[in-house]
Amino acid sequence: MKVLQEKILNEGKVLSGDVLKVDAFLNHQIDPVLMQEIGKEFAKRFKEENITKIVTIESSGIAPAVMAALELGVKVIFARKRKSLTLQDNMYVANVYSFTKQETNEISLSRNHIDENDRVLIIDDFLANGQAALGLMSLVEQSGASIAGIGIVIEKAFQDGGKKLREQGVRVESLAEIASLDNGTVTFVQQETAEVK
């Protein structure tokens with residue numbers, strides 16, 4: 001997705017060979033026009049899949065998930081990382097290791113909002129080692145719902161998450177695939193190398 005790649009090049013910051021900071025438009029400050037385009041692109045790619053619900057994880061997956069849901073005319077349910085006083089019982093639960101935060105979180109979805117009749121599109125902001133996506137897949141599988149695919153805003157293709165998911169036969173659609181962050185430079189898969197400011 002060209003507009004997303006341009007945004008990464010213009011506003012993203014490479015912090016290391018593993019970490020790309022995109023808080024200027026995706027996971028802290030949100031660019032709603034970009035999110036709208038991302039939502040349209042996910043909807044276009046998954047329109048034939050009869051999606052009934054989108055599942056994501058708080059908090060950075062919510063904006064792209066809501067925009068895709070708006071385009072598809074479905075609801076979004078987001079997995080919580082923290083326990084809520086109002087959501088105690090009747091939950092699907094999985095453990096997810098965060099590459100960025102270097103910690104394990106227990107994530108959960110209410111059983112009241114997803115069931116075996118749902119066809120789910122999972123959406124998240126990043127795909128690195130695949131732990132968040134695998135955790136979300138576990139929650140969806142616990143509900144008995146089927147998984148139509150996974151939509152990723154930015155995939156770090158140099159890490160093994162995408163490979164793990166695709167080897168399981170899951171359809172993964174990434175809007176920007178990064179081949180490398182070496183030397184402070186973003187290199188997209190099948191794209192020219194460009195310097196990040």
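Placed from the backbone N, Cα and C atoms, the Cβ positions cover glycine too.
Here the structure is a predicted model, which means the values were calculated and not measured.
According to Swiss-Prot, Leu20, Asn27 bind xanthine; the candidate from Lys156, Lys163, Lys164 that the record adds to this site is Lys156.
Close to the recorded xanthine site, the chain also has Gly12, Val19, Lys21, Val22, Thr100, Asp125, Phe126, Ala128, Ile154, Ile178: residues not among Leu20, Asn27, Lys156 whose Cβ is within 8 Å of the site's Cβ mean position. Within the same chain, residues at least 6 positions away in sequence whose Cβ sits under 8 Å from that of Asn27 (xanthine binding site) are Ser59, Ser60, Asp125.
Take the binding-site residues Leu20, Ala128, Ala132: by the count of other Cβ atoms within 10 Å of each Cβ, the lowest one is Leu20. The Cβ of Asn129 (5-phospho-alpha-D-ribose 1-diphosphate binding site) lies under 8 Å from the Cβ of Tyr97, Phe99, Gln159, Asp160, Gly161, Lys164, each on the same chain and at least six residues away in sequence.
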